[in-house]
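Quick look at what TrEMBL lists:
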{"type": "DISULFID", "residues": "56-71", "note": "disulfide bond"}
{"type": "DISULFID", "residues": "76-88", "note": "disulfide bond"}
{"type": "DISULFID", "residues": "83-101", "note": "disulfide bond"}
{"type": "DISULFID", "residues": "95-110", "note": "disulfide bond"}
{"type": "DISULFID", "residues": "122-140", "note": "disulfide bond"}
{"type": "DISULFID", "residues": "153-165", "note": "disulfide bond"}
{"type": "DISULFID", "residues": "172-187", "note": "disulfide bond"}
{"type": "DISULFID", "residues": "196-208", "note": "disulfide bond"}
{"type": "DISULFID", "residues": "203-221", "note": "disulfide bond"}
{"type": "DISULFID", "residues": "215-230", "note": "disulfide bond"}
{"type": "DISULFID", "residues": "236-248", "note": "disulfide bond"}
{"type": "DISULFID", "residues": "243-261", "note": "disulfide bond"}
{"type": "DOMAIN", "residues": "274-310", "note": "domain 'EGF-like'"}
{"type": "DOMAIN", "residues": "362-421", "note": "domain 'EGF-like'"}
{"type": "DOMAIN", "residues": "393-421", "note": "domain 'EGF-like calcium-binding'"}
{"type": "DOMAIN", "residues": "688-724", "note": "domain 'EGF-like'"}
{"type": "DOMAIN", "residues": "689-724", "note": "domain 'EGF-like calcium-binding'"}
{"type": "DOMAIN", "residues": "1279-1319", "note": "domain 'EGF-like calcium-binding'"}
{"type": "DOMAIN", "residues": "1282-1319", "note": "domain 'EGF-like'"}
{"type": "DOMAIN", "residues": "1586-1619", "note": "domain 'EGF-like'"}
{"type": "REGION", "residues": "1775-1829", "note": "region 'Disordered'"}
{"type": "REPEAT", "residues": "467-509", "note": "repeat 'LDL-receptor class B'"}
{"type": "REPEAT", "residues": "510-552", "note": "repeat 'LDL-receptor class B'"}
{"type": "REPEAT", "residues": "597-639", "note": "repeat 'LDL-receptor class B'"}
{"type": "REPEAT", "residues": "772-814", "note": "repeat 'LDL-receptor class B'"}
{"type": "REPEAT", "residues": "815-857", "note": "repeat 'LDL-receptor class B'"}
{"type": "REPEAT", "residues": "902-944", "note": "repeat 'LDL-receptor class B'"}
{"type": "REPEAT", "residues": "1063-1105", "note": "repeat 'LDL-receptor class B'"}
{"type": "REPEAT", "residues": "1149-1192", "note": "repeat 'LDL-receptor class B'"}
{"type": "REPEAT", "residues": "1193-1234", "note": "repeat 'LDL-receptor class B'"}
{"type": "REPEAT", "residues": "1410-1452", "note": "repeat 'LDL-receptor class B'"}
{"type": "REPEAT", "residues": "1453-1496", "note": "repeat 'LDL-receptor class B'"}
{"type": "REPEAT", "residues": "1497-1538", "note": "repeat 'LDL-receptor class B'"}
{"type": "TRANSMEM", "residues": "1647-1670", "note": "transmembrane segment"}
């Protein structure tokens, strides 16, 4: 039997069965006297005798019921009812809804009663309110009111197999959300594993958390995997044992036989000596309490605690027996029966509440005086309660012959007339699930998400009237809140939290209370976190659960420290009392039953749920079985609900009996806190503070009768209702992750966290009372910051060239900031705002630590704990430096000056002393020399000295003169650092010499000795560090890096170059895919190249020729452009594998670059790309850095694979090794006689002699993310410009080469015959769209390089066309649902059609009539408008299924389009939509692209299902297959002898000969999201027609036809008269159709009215005739099966979840190419979110799968499908993905998960096509990567 259910919990009631010694025998046979009955022999061999008349009296007197066995059942009186089990009950109790017989026989065969109209009739005859029907609550009692149909799931929900609904995105998320687990069945197996960044830790199940949470003592992962292998961390306190998983438990539980660690490590490697003196060791090795030995219970589980026990002591009584005062046990019914059955009268004593007997006691008279049930026991009245148990919050009124129950406010009597039901909405269980907060309806399968993407939500509570939910996050150490609908998430408390495990809301007084087991406190604040106050802090160890009773003004909490207990106090902290402190181990959850006036709690160690009155009395175990690890609990009506860590479930049971246990929800992630969301859980009550906050200036806290005005922590009260507005003196100390203060203005000495952001590892502190600033250093962020003492006005003062700033001091007289840096071994100074920074001392320092200043005396003092520990002094300008203490020092840490006694104090952690001496080092004495394990920080205030101690984890103080009167201010504080006392009485300074008070602004460096500025020599290194750019001056005798303060976010800065002439730095960012520039002071920032870049690894600035050159590993190109990014030109594009570093020699006209592809090499060419030659191609691995030594006429390069830095002549000869090995060199540069390089492995910048490689020194260390580096000498004159002053006479680019220069044009433009000038654009070129870009490829040049058209706001561009007349590009954007146009240079972008579009797949410009045609797949229409969007008209809207591509032939008056619907076809009509004709409708799959060859009069189209390109003439005849093997063509176009097309699978643009189908070439490769393609050519848009002159005389639309033309009006009149009212042109063949006509004359009957009327009659007759013909020929245009077809095809505008099959499902393979319409444009630049949704997950890397899938579509009507399966194919990362940092890579992988679901079994699941990133910059074809080094 578990300890949780035995009475050994309550030592005061641990007894044995009473027996009579004189008649107890020690044999197995017992014999009692003649007048006694002999009970059965007990397990101990004992005998018990009872009076004979007690046999068969219905009372358990023996304790084992042996005196009642075999007895005849009693005969009931005529007034009673005889139960089936023999029990007699009052007849009036029959059919009253209560199971009085205990076998329910009194409630059988009860007649039903009539129900009212507004009532629901239960099957058991009860009537309930109709509103209670199907509300999830069993109101009938037989659940007949809950036999309801399953509700429909919404579009954003997933239906489980059991019919319940869950959030759609929970499907296949790895978390079982459906009760039956159906949401995790049939999930794709290719979900990528999460990859965490360098700053993250990966949990065992894949989740990523911040690395700073690893080994911090908190279970941030949820499975303790972040706390495993933490041998170097000690998160557990003294008296605790740390499990292998990281969990801390009570040390006494180690080897006690119970598995208290989640990994059972507390019971491993246990020895026999682990049991304590007050414990008994079982045979199994388990330890149990010694008092449990021989108590009749098997506590050891092997019965060894009950072996060899003597028959002594007093066994306990049975549950239905009464324990007499003398230890005897009698039956309960003999209690208060008027007889002295115990023998000592204790069964009839007054304290047993026995009423005086009157002789008239009868249940038939006034119900025996009972409030509810009355029963007679041995002639006595015994009052009982009805079963079902709502009497806690009910009333009972006696009436004649019975009684009447009533409910409290907020409840309503149920039909059983006994129990109460809460009014209001259906209750909802709100629970924290670590990573989210969810809600579940307890009586049905309603399960919804409230908040997701949380880190580690533990505790929660709600405010019902304000509709707020609050929760604590122990990973972020935050308390958050949000609206109950999940919106408006905000931080409430963000500082000073360590493990906030409990949370409670005072909904009456609007206060937030919480417990923190890390700080051992209970705190309170307003609901917004303001006016925060530490309420309770003394004698608290690990407070956990907390519950409030605002109506009573009380607060309850559990504490599971070394002395577990449950306590309560008033809500102002007064009247604190212990409710329970025995038999508790892990009291976790706690809740209050406000109506029942009871409290319930769970104990995870005892595995029990208990209850007690609110004062702790009447404690009782409710449930003691089936509770592996209960955590939190809530109560509602008659049910308890609790979460269990072990079963990961929410469970419920009856709150009175513990019965009716059921699982509400299981298979949860990690259920934590739980609450019942219902207004009756927060009933109304009196607000003790009233409407004016009780007159309090800050906090008004209720108490049991009144209220108390309280102040925020540390603020003193100035009156009974008011608080001080500021602090005057407080102790300031750092604790690594926060900075705290202890106010000396109040007596409680509670520490309060200053609300600061991003404090990671604070060490040194100081303060300035003049401006109320607190200053601190952070050795994690390597920065010095400051903020006001209240946390406001926080700012970083210094954040560059710091490595380990461990000491800090404020000169409050001259407003200077001094600091030591143990990493750089320097002492520096600046103004308090960080300006005018300079190095004071940099020589002969070895790990300087603390520093203090004496501005009055003019000295500074510092400790140095290097190889020769010492304490030094110098003037505050670094003059007169002197060692004052150098002996008997080990780790001199804190320093403090006593200005009054002119003493210097210090703490030595090695010597374990605190000492002092005079300011010159004399008169040295030990102040404290004992009990100092590891002193660190030190300060003085008043007569006391204060210090922090790392090992003692405390802040202590003593008398500053004697060292006596030691006190501990705070203990149990981890990671204590510096300490100071903030006050407002620092000694004033005197006027000093200006040299001591002024730092002058220097353009160069600061000469400390002469206090003057040197002239700037312009020598510096500049280097990229991924997220910033830094400079190191080479003019000063030390190396310090300074960030170039560009006001822009850098993601992955790689290459860098400098224009020494203008003083600008250029850099490439491969994540943002940009090249940018800025001035060296960070100003004048601008992006110069923003398109067409993938991975720009190399960059070089030609300061002489004013050009910028760069290499791109992704596109495998070398390009050049002007310094502003204009006139961009591709120089080298062939035979490049992975070009990286690039270097220029303008004077010689040479360009050099390295290529680290499959065959690494070093190449050279002219700076115009001519004369290309390979210089070195052997023994190269990863040639990274490259530099040209002009003075030494040599090349230098760094190879990270061979680990060498090498040199050769400028032609590649005389190769030699300068340095080997170097670990992982990347960037390389040279200046004067030195080379400098960056190294990934050492994270450092190094220097060596350029000729010999000797004299290697470390320039800067501890610089992760180092990339390119350049050395600059701005004083060196620029060389001779080969292009001269007039740009060499070139109109565009002038590029040097070895023998001179050449003129060049931007990419794609040919140089004219004069070899100097260029056109503005190519003559013939391809235009194509790729989702978020529109690009061109010139056909005038052979390089076929794509150039971006800088059109703004491109989101999802599908279709394109061009108007050669106005030079405009027209395009459709299906994300915005618009048709737009712009000029060829991207300017003048405007929306042409902005409304009424769904999915515009095709677009065609009629350049003659100035009309624009488009197909709309969403609306199944073909429409037309003028080119400016006016006169819009629907041309065709019948018999269209999925119209896609469209083309016009203005000269012939034809319109062509493809339709890839149910019956795929290609059609033709006149430009007005008339004379519609099907050209091709056989042997078609997915006819995507369509183009016309105007010269040969043929139609060309691509079929993406049949994988071929075909053609026919304009009448659909002479059909030919041009190419039969293409992968997945989408669009095509024609120019000259070539057919060009885009291909989705190969991600390329290809072409073939249009006559033979041969000579297939790839024009452009590796382009994601390719869509439409067209040709712009002078020969393309030619010819004219009747509409070409004056719009044919039409006012609106003019449509040319084969032999005539027609005028037409828009569908929506635009207010202008339409030309059909004029008839002058009809003689010329102009036909006037249908449209509303407007008179051109103002009055009278015009002749046009007469003509119009006649024409109208004629037109009606024609319509009737057309209708007859249409019906007759209907089969020509429509498929018989389409009549009932009402499905919608997937398209670019819909997500996979939005696609529904409403009627006839399509064949499996018929859901063809579709586009995923993203939620918005992607501006993250880390990847292209181009997702192409395929109807059957087509984009597989397995060709066999690809072919198999296509075979499924052999019959259109034969194979039907029930689901539309779509897969998102995310863009693979181009070439090297070193451009992505780890966080972005992880996000990309998460976003790359397949969205394909419910795939028909005939379709195999394809693999995702996407290459994983290579963060080491190595091309993927390389067998190994740099990141593996």
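Note: Cβ is positioned from N, Cα and C throughout, glycine not excepted.
Confidence annotation: the repeat 'LDL-receptor class B' (597-639) carries a mean pLDDT of 90 in the model. You'll find the Cα of residue 165 (disulfide bond) roughly 25 Å from the Cα of residue 140 (disulfide bond).
Residues 1105, 1107, 1119-1120, 1122, 1127-1131, 1146-1150, 1166-1171, 1325, 1336-1338, 1340-1341, 1343, 1345, 1347 of the same chain lie 6 or more positions beyond the ends of the domain 'EGF-like' (1282-1319) yet place their CB under 8 Å from a CB of it. Same-chain residues lying 6 or more positions outside the repeat 'LDL-receptor class B' (1410-1452) and placing a CB less than 8 Å from one of its CB atoms are 1359, 1363, 1365-1366, 1368, 1370, 1372, 1379, 1381, 1391-1394, 1396-1404, 1458-1463, 1469, 1471-1473, 1476, 1487-1492, 1494, 1499, 1501, 1514, 1531, 1582-1585, 1587-1588, 1591, 1596-1600, 1602, 1608-1612, 1614, 1677-1678, 1682, 1688-1689, 1691, 1693. Just so you know, of the disulfide-bonded residues 153, 165, 196, 215, the Cβ with the fewest other Cβ atoms around it within 10 Å is the one at 153. A straight line from the CA of residue 248 (disulfide bond) to the CA of residue 261 (disulfide bond) spans 8 Å. Between the CA atoms of residue 243 (disulfide bond) and residue 230 (disulfide bond) there is a gap of 10 Å, rounded to the nearest whole number. Reported as a whole number, the C-alpha separation between residue 140 (disulfide bond) and residue 95 (disulfide bond) equals 14 Å.
The shortest Cα-Cα distance between residue 221 (disulfide bond) and any of the disulfide-bonded residues 56, 196, 215, 230, 236 is the one to 215. If one looks beyond the repeat 'LDL-receptor class B' (902-944) by at least 6 residues along the same chain, the residues whose Cβ comes under 8 Å of a Cβ in the stretch are 729, 731, 733-734, 765, 850, 852, 854, 857, 859, 861, 863, 869, 871, 873, 884-885, 888-896, 950-952, 957-963, 966, 976-981, 983. Helix first, then strand, then coil: DSSP counts for the repeat 'LDL-receptor class B' (510-552) stand at 0 helix, 23 strand, 20 coil. Within the chain carrying the repeat 'LDL-receptor class B' (597-639), a Cβ under 8 angstroms from the stretch's Cβ atoms is held by residues 2-5, 9-10, 253, 258, 260, 388-390, 392, 419-422, 427, 429, 431, 442, 545, 547, 549, 552, 554, 556, 558, 566, 568, 578-580, 583-591, 645-647, 652-658, 661, 671-676, 678, 680-681, all 6 or more beyond its ends. Comparing CA positions across the disulfide-bonded residues 83, 122, 196, 215, 261, the one lying closest to residue 95 (disulfide bond) turns out to be 83.
Considering only the disulfide-bonded residues 196, 208, 236, the residue whose Cα is spatially closest to the Cα of residue 56 (disulfide bond) is 236. Closest to residue 122 (disulfide bond) by Cα-Cα distance, out of the disulfide-bonded residues 153, 230, 261, is 153. A separation of roughly 10 Å, to the nearest angstrom, links the Cα atoms of residue 196 (disulfide bond) and residue 203 (disulfide bond). The Cα atom of residue 83 (disulfide bond) lies nearest to that of 110, taking the disulfide-bonded residues 71, 110, 153, 208, 261 as the candidates. Listed in sequence order, 243, 244, 245, 247, 249, 267 are the same-chain residues at least 6 apart in sequence whose CB falls under 8 Å from the CB of residue 261 (disulfide bond).
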